[in-house]
Amino acid sequence: MSLRILDRPFARHILTKLRARETDQVNFRKNLVRLGRIIGYEIADSLECSEVTVETPLGKARGVLISELDHVVIVNILRAATPLVEGLLKAFPSARQGVVVAKRRESVFESPPEKMDVDIYYSRIPDLKPDDVVIVADPMLATGSTILRALELVYAKGEPKKVFVASVIASHQGVERVLRWGRPVNIFVVEVDPLIDERGYIVPGLGDAGDRAFG
């Protein structure tokens, strides 16, 4: 179980555009797609690879193949993750896909909540095999409640070889909760923010990703 923060200037540039209040809906979606591609490449770099020799038109060359690319399953937590998944598919074009329609029960608490109730309206995840690599995508990892419900649904479909969470922003609290869950999970995010407010939103965050992407 691990946390990987993508401390790359270009990724942080795109994140800055996402955070900005004045970024409109179209550009918000476009930037989520761009970050999805970047996160996808980072995940791909962490997969197992082997050295091979191939024939070129002029001779032989040594190279590398990532065999696990053929076993990727991307789980889209609708609706906010859809642009992020579009970017992930640029890195994993042959990935199988699953969807989870989830909505947390909005409320205002007296203090920042440690967890929130989440309703699952629909779930369709392919049966998983021991060599599968699963990527659960949700742009915001706040309390971790939605991600953990999705992970439960993933493991109900089988025991994959590896599981990743792909998010744009996470909270310290949410990261710690997911990593304590007990199952092996690798979290890839662009930034970890310090706080959750009384509504369960990450602060400073970027607002409601679904609303900003789709209205």
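Placed from the backbone N, Cα and C atoms, the Cβ positions cover glycine too.
Per TrEMBL, the feature domain 'Phosphoribosyltransferase' maps to 6-215.
Per TrEMBL, the feature GTP binding site maps to LYS30, ASN31, LEU32, VAL33, ARG34. The C-beta environment of LEU32 (GTP binding site), restricted to residues of the same chain at least 6 apart in sequence and closer than 8 Å, consists of LEU18, PRO83, LEU84, GLU86, GLY87, PRO139, VAL168, ALA209, ALA213. Classification of LEU32 (GTP binding site) by DSSP places it within a helix.
In three-state terms derived from DSSP, MET140 (5-phospho-alpha-D-ribose 1-diphosphate binding site) belongs to an extended strand segment. The feature 5-phospho-alpha-D-ribose 1-diphosphate binding site is assigned by TrEMBL to ARG79, ARG104, ASP138, PRO139, MET140, LEU141, ALA142, THR143, GLY144, SER145, THR146, ASP208.
TrEMBL lists ILE202, GLY207, ASP208, ALA209 with the feature uracil binding site. Its Cβ taken as reference, ALA209 (uracil binding site) is surrounded by 25 other Cβ atoms within 10 Å in the chains shown.
Other than the site residues LYS30, ASN31, LEU32, VAL33, ARG34, same-chain residues with C-beta atoms no more than 8 angstroms from the centre of those residues' C-beta atoms, the GTP site, are ILE14, LEU18, ASN27, PHE28, ARG29, LEU35, GLY36, PRO83, GLY87. For GLY144 (5-phospho-alpha-D-ribose 1-diphosphate binding site), the spatially nearest entry among the binding-site residues ASN31, VAL33, ILE202, GLY207 is ILE202, judged by CA separation.
Taking every pair among ARG79, ARG104, ASP138, PRO139, MET140, LEU141, ALA142, THR143, GLY144, SER145, THR146, ASP208, the residues recorded as binding 5-phospho-alpha-D-ribose 1-diphosphate, the greatest CA to CA distance is 18 Å. With respect to their backbone Cα atoms, MET140 (5-phospho-alpha-D-ribose 1-diphosphate binding site) and ILE202 (uracil binding site) stand 8 Å from each other. Annotation for ARG34 (GTP binding site): same-chain Cβ neighbours under 8 Å, separated by at least 6 residues, are ILE14, GLY87.
Of all the binding-site residues in the list ASN31, VAL33, ILE202, ASP208, the shortest Cα-Cα distance to ARG79 (5-phospho-alpha-D-ribose 1-diphosphate binding site) is found for ASP208.
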